[in-house]
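Report on the structure given below.
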Amino acid sequence: METANSSNILSSTFYLTGIPGYEEFHHWISIPFCLLYLLGIVGNSTILHIVWTDPRLHEPMYYFLAMLSLTDMGMSLHTMISLFRVLWSISREIQFNTCVVQMFFIHTFSFTESSVLLAMALDRYVAICHPLQYATILTPTLITKIGIAALLRSALPVIPNVARLAFFPFCHSHTLSHSYCLHQDVICLSCADTKFNVIYGLVRITLLWGMDSLGIFVSYVFILHSVLKISSQEGRFKALNTCASHICAVLILYVPMIGLSIAHRFAKHSSLLIHIFMAHIYLLVPPVLNPVIYSVKTKQIRQGVLCLLFPLKISSSVM
């Protein structure tokens, strides 16, 4: 009985990993991570502030952009604390319940970001292919429903995976290979039959990301078909230019995502540094680069950022 209790206590604690082999440099390594997290949080907060305060940006495209920024911040905040606890040598321990909650939010926001990118692709499709009906189709009520549906569609399928972890014994090593909890990382430590979690997780990823990527692809097929009908080259370029930021955001999310999935499925015996590097790219690059891309490529957002940075100069130039 005593052994069983001690086993349960042990299985309730996991140990996070920083950058193996570079432990003495963790404090220095934390500096670029700190700057990247700060850039991501400040950038996404700035976009949310601009969209919220500027009545001219109360349009479907910018509402979806605000959803993307919220999702990016959700992904950043739920990994930031545990990462810096490890890099600053505060503690490598993470309790099982905390690990499960962190895992749930990481995977939920990851799927939500993909769903929001699908919604943004549909927004571009309606704007380019049906411009006269744009405001009547994408009403604020419909946008709200799309946002709620994207969140529920992403959160509910994650629950079976994380709920089953409560019934798994963890009799192997309790050391995770990342500085935060990922489902595919945790189940590798279980000595129970994890076949359901593996198959269900693979089906869930295939269906959700597959449907989103297919929807995005089909939207751009229709967009391209509509753009090619525009007679002037300038008109075609202008129409496609409105999609440039979204295409970059799609690539920024899906390329690291696919890379991380391939590394976990087919490169299990490769260097642990590769897995850690891919995971950090997957979770850090979208929140950091999305605000930069939309600030550079979207005139209204760029003007809003300049107004925040140089309010007197911008106001005087407008006058």
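The backbone N, Cα and C atoms fix where each Cβ goes, and this holds for glycine too.
TrEMBL has this to say about the protein:
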type	residues	note
DOMAIN	43-294	domain 'G-protein coupled receptors family 1 profile'
TRANSMEM	28-51	transmembrane segment
TRANSMEM	63-88	transmembrane segment
TRANSMEM	100-122	transmembrane segment
TRANSMEM	134-152	transmembrane segment
TRANSMEM	207-228	transmembrane segment
TRANSMEM	240-260	transmembrane segment
TRANSMEM	272-293	transmembrane segment
### Message
Would you say the transmembrane segment (100-122) and the transmembrane segment (28-51) are touching, if the rule is that at least three C-beta pairs must lie under 8 angstroms and be 6 or more residues apart?
### Response
no
### Message
At a Cβ cut-off of 8 Å, and with pairs 6 or more apart in sequence only, do we get at least 3 pairs between the transmembrane segment (240-260) and the transmembrane segment (100-122), yes or no?
### Response
yes
### Query
Mind checking which residues reach the transmembrane segment (134-152)? Cβ under 8 Å, same chain, six or more beyond either end.
60, 63-64, 67, 108, 112, 115-116, 119, 123, 126-127
### Message
At a C-beta cut-off of under 8 Å, are there same-chain residues at least 6 beyond the transmembrane segment (100-122) that contact it? List them, or none.
### Response
61, 64-65, 67-68, 71-72, 74-75, 78-79, 82, 94, 146-147, 149-151, 153-155, 157-159, 161-162, 165-166, 180-183, 186, 208-209, 211-213, 215-216, 219-220, 246, 249-250, 253-254, 257, 283, 286
### Message
Could you tell me the mean pLDDT the prediction assigns to the domain 'G-protein coupled receptors family 1 profile' (43-294)?
### Response
88
